[in-house]
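Structure first, commentary second.
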Amino acid sequence: MDAQVTRPTSANSQTRNAGYATQPPLQRFLASCHEEFKADDSGNVADYIPELKRADPSHFGIALVTIDGHIYEVGDSAVPFTIQSVSKAFVFALALEMVGEERVAATIGVEPSGEAFNSIRLTSDNRPFNPMVNAGAIACSGLIHEVDGADAFERIREKLSQFAGRQLGVDDAVHQSEVITGNRNRAIAWLLRNYSVIQGDVDAVLDTYFRQCAVLVTARDLAVMAATLANRGINPVTGVQVIAPNVVARTLSVMTSSGMYDYAGEWVYRVGMPAKSGVGGGIVAALPSQIGLGTFSPRLDSHGNSARGLKVCEALSSRFDLHMLNRSADVRTCVIADYDLFGISSRRSRQPHEQQILDEHHSDIRVIELVGALNFAAIDYVTRRLAGEPPNAPLLVLDFRRVPDLTSAGAQLLGENLTILGNAGVTAILTGIEATSAVWLAIRARTGEPHRLRRFALLDEAIEWAEDQIVYRYGGFTVSKETSHLGEQALLAELTPDEIAALADLSTARRYEAGQRIISAGEPANSLFFLQNGMVSVKLPSGVRLASLGPGMEFGEMAIIEQRRSADVWADTQVKCLELPLDSFADYRQLHPQIAMKIMRNLSALLARRLILANAKVDLLSAY
Ligand code: GLN
């Protein structure tokens, strides 16, 4: 996947954004934040790790990544620095993935400590307070070390790289510097060893931790990492599922309660985004389902959080109202259309007696088109709608083509509802989802009446299948017999028997096997066909079906007004038809002008009917 980048200073992005008369508003906002806060030189560069003193205090970068993978960048967003404590959030996620929820919970708490990141205090049962302070993070590295031993760091580096969407390296000088001076962390680690929170080689665990803190990232990397958390674990730039959604929720929880150390409460209150900071000057902030933010500025405030980074987060949150608890939604918007088959149909053309059955029983098929990510509340609304008016139709089509996601609570409610409906004789037909999709598998697993549950990839296929059930139920299925004469063709209405006979003489009998292509889109259109036996489908080259036709219907008739075939026609079964060359229309010695006139008139009537049908659909859908 190619990430879109908005970065006014790079020549490359200027060409990409040539279409913008002005920069997108968010880019301008970030640029104005950068301009405003770069004047702030409060705070100090961390110096307790000697090598960190070398950081340039003027560096200031901001990057923001949307969950569709667009990257906004301002300032020093490509300058590398050490990740430090920002790694804690991602390594916690890795530990959860590797050893599981229970093991992690037995080792590390999730309560805010209210203390500084390097506090040596443990809980009353001698565990670290949470994985976002040093004690908890060292314990996390210990859990990973228990599984991977000497490969633990490589495993961590690989995971952080997946979050960032590129291979990350290590600043060896910073690593060495912390190895030499990190006695406080050494004390914490030995205390943890004393309480068996760390089992095994303390020095090796510490080295893993120090190395993970020295991984080099940029503000842009942090923004991609945050956006991966905001996007339920899928890196929006690479498309890779880096971590499971339930791990993401747990990680964001501890970031919310403890990510900013002893500033955490204030942070949630004011900014309201899960975040994590590091003494290297980085901050990540993730707003679920919306954005990931990464900032870099090495001057730290008294809590050890980047002073300018904090300001950027606060400004962004207040300017765009991004507090995670400030949300609103209207569940009713999840239904964009709810209709029966009055005046509409699948693209299968029906014999007149079949159409009559369908017209009479149009309310036996109900179609509900859903939209958006569906959660518990949205599905609850759908179930209440199904329980209300009109009463249940025996065939219920639920269209999921615009539904990217369904929560498991939503799947649970829907499954229960479909089971109840199934017991009451309703067949539910789900459309717009593939057999392998998570949404389909979740619903199917929770529906007790599998034979009352069907799935089609396309809404049109589902409606056709439902129509077939209705036609069948009311005895309308007849074995399609050969049309005895051309007089039954709609296009040839009003022709006298002599005229029909003349036409038959000019035509050639054709036979096709099932699966054979009869007409190809793009070819010159120089004949039309009268279908006598079997079924054909008119499809666009993309595979989208425009119509299915049976005996007594014509195809290729648009040749009369178009020079080229606009669609493919395939034989669905064995097919017998008559092909009439168009030349005969131009030559009065072959086809009398009066016959041609009648055919043209019939064609106009056919086209008018199609237009009326199309208008009815437009009208129906615009009502929602
Ligand atoms: N490596 C640093 C330490 O353990 C990380 C601390 C931080 O970023 N807050 O002291």
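Glycine residues also receive a Cβ, built from the backbone N, Cα and C atoms like all the rest.
Per TrEMBL, substrate binding site is recorded for S85, N134, E178, N185, Y209, Y261, V279. Under the heading domain 'STAS', TrEMBL lists 355-466. Annotated domain 'Cyclic nucleotide-binding' per TrEMBL: 491-585, in sequence order.
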>> Let me make sure I understand the span of the substrate site: among S85, N134, E178, N185, Y209, Y261, V279, what is the greatest distance between any two Cα atoms, in Å?
In response: 20
>> Please list the binding-site residues from N185, Y209, Y261 whose Cβ falls under 6 Å of any atom in ligand 1.
In response: N185
> Which residues in the same chain, at least 6 apart in sequence, have a Cβ under 8 Å from the Cβ of V279 (substrate binding site)?
Replying inline: A46, I49, L52, Q84, S85, F117, L300, G304
> So of Y209, Y261, which of the binding-site residues has the fewest other Cβ atoms within 10 Å around its own Cβ?
Replying inline: Y261
> Any idea what the model's mean pLDDT is for the domain 'STAS' (355-466)?
Replying inline: 92
>> Neighbour count, 10 Å Cβ-Cβ cut-off, for E178 (substrate binding site): what number do you get?
In response: 24
> Taking every protein chain shown into account, which of the binding-site residues S85, N134, N185 has the largest tally of Cβ atoms within 10 Å of its Cβ?
Replying inline: S85
